[in-house]
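The structure that follows is given in the form of structure tokens.
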Amino acid sequence: MTKKVYVKTFGCQMNEYDSDKMVDVLNAAEGLEKTDTPEDADIILFNTCSVREKAQEKVFSDLGRVRELKEAKPDLLIGVGGCVASQEGASIVARAPYVDLVFGPQTLHRLPQMIDARRESGRAQVDITFPEIEKFDHLPPARVEGPSAFVSIMEGCSKYCSYCVVPYTRGDEVSRPLDDVLTEVAGLADQGVREVTLLGQNVNAYRGAIAAGSAEIADFATLIEYVADIPGIERIRYTTSHPKEFTQRLLDVYAKVPKLVDHLHLPVQHGSDRILMAMKRGYTVLEYKSVIRKLRAIRPNLSLSTNIIVGFPGETDADFDKTMALVHEMSYDTSFSFIYSPRPGTPAANLADDTPRELKLKRLQHLQATIEENVARISQSMLGKVERILVEGPSRKDPNELAGRTENNRVVNFPAPSAAHPRLIGQMIDVKINHAYPHSLRGELVLAHGDASAATH
């Protein structure tokens, strides 16, 4: 019987990418297949996030639930990876003795060896070292399902924002060699991938050697240009970027590379220069707005999303009002917004914070309601327009329909004959938007005369 692995992912797209790699590594080493049911698994892995306290505590809550599975199946292996593992290390085993494996984001490629050591010794294995970017040299070729894929181009972050734990859990910035990234993207294109999302904690800080050992360095703009030249790749996205790393070279790429989508996720974190300075973000609101102004001069239809922290220590009503003014001015399409969560070991955790929780919550609700109004307005503005979408697969709402994604990252559900589904999935097609919902759109196929009969048979 084929053994199975269950992976639960917390946090960002980097973690989603790493979770896929965990499955690939275990499939190559032991033939394990992925399952969505922990009860069916021989190995259960939690890929964790420590950006906010709530996500960290959720991990231990979930560990408590799978403890019963281990009691019923003693050979079941339980592992904790990701940023909580990197931060907590062996203390995870002390708190949850039934955990067998603890590994950091940089050591997931060592899972097969850790599993062997656990089985031979009977003792929990902990490896949370930072072996630079070694893991990419030991990962098997990606196995993908669907026309979209993530590609990690770098690890870590060297910005050391005062509130952020990432540099401590993932290390400083290290970029993959250019040829290594291009080889992975070309392999994905050969498997039918049409859209890639380039990933990094600070992705536009990419500075990769042209090839391993080479002294010649490629910047992020160069990487995008090369990826755009790979046959089969029709769309390029990236996340997460930093305003301080938005170079003129990167701005120029938006004018030269149409495959780079009209959508940008550029975290601002706050609208007050005073708070940005306390956060150690390294830019002012005016500098941030200057980047967006230049981008929108090149791409007038640019859709913009961001991250915003509410209730950072010392935030006043005036500071929050500046954030709201920026939200209105930028017309953000989406915002990942949260109440500030102090993380142990970060400088901001030592700042005095006398703002009542109720006031922070009120500010957050006001911010999120405003963003939702923006989302609704932008969705309504798309009614009647023809949008180019990449068809990703059956709709989650109705498997008899198909779903795709627009350049500005909107999901569009549309009817199509079942017989046409295999032909349409993975294709770039035109749809006319005829309904707007809070978090999705509905459309209908727009076909040239010669395509009409093929799509309906």
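Just so you know, glycine gets a Cβ as well, placed from its N, Cα and C.
Features from Swiss-Prot:
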type: BINDING; residues: Cys12, Cys49, Cys83; note: [4Fe-4S] cluster 1 binding site
type: BINDING; residues: Cys157, Cys161, Cys164; note: [4Fe-4S] cluster 2 binding site
type: DOMAIN; residues: 3-120; note: domain 'MTTase N-terminal'
type: DOMAIN; residues: 143-377; note: domain 'Radical SAM core'
type: DOMAIN; residues: 380-447; note: domain 'TRAM'
Per DSSP, what is the residue count of the domain 'MTTase N-terminal' (3-120) in each of helix, strand and coil?
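DSSP classes over the domain 'MTTase N-terminal' (3-120) add up to 66 helix, 22 strand, 30 coil.
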Neighbours of the [4Fe-4S] cluster 2 site Cys157, Cys161, Cys164: Cβ within 8 Å of the Cβ centroid, same chain, sequence order.
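So the additional residues around the site are Lys159, Tyr160, Tyr163, Val165, Val166, Pro167, Gln201, Asn202.
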Quick check for the class: what is the C-alpha distance, in angstrom and rounded, between Cys49 ([4Fe-4S] cluster 1 binding site) and Cys161 ([4Fe-4S] cluster 2 binding site)?
17
Can you tell which of Cys12, Cys49, Cys83 has the most other C-beta atoms within 10 Å, given these are the binding-site residues?
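Sorting the candidates by Cβ neighbours within 10 Å, the top entry is Cys83.
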What is the average pLDDT across the domain 'TRAM' (380-447)?
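Reported value for the domain 'TRAM' (380-447) is a mean pLDDT of 95.
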Measuring Cα to Cα, tell me the gap between Cys157 ([4Fe-4S] cluster 2 binding site) and Cys12 ([4Fe-4S] cluster 1 binding site) in whole angstrom.
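Rounded to the nearest whole number, the Cα-Cα distance is 14 Å.
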DSSP on the domain 'TRAM' (380-447): how many residues come out helix, how many strand, how many coil?
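Computed counts for the domain 'TRAM' (380-447) are 9 helix, 34 strand, 25 coil.
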Including all protein chains displayed, how many Cβ atoms other than that of Cys161 ([4Fe-4S] cluster 2 binding site) lie within 10 Å of its Cβ?
21
Roughly how many Å lie between the Cα atoms of Cys12 ([4Fe-4S] cluster 1 binding site) and Cys164 ([4Fe-4S] cluster 2 binding site), rounded to a whole value?
14
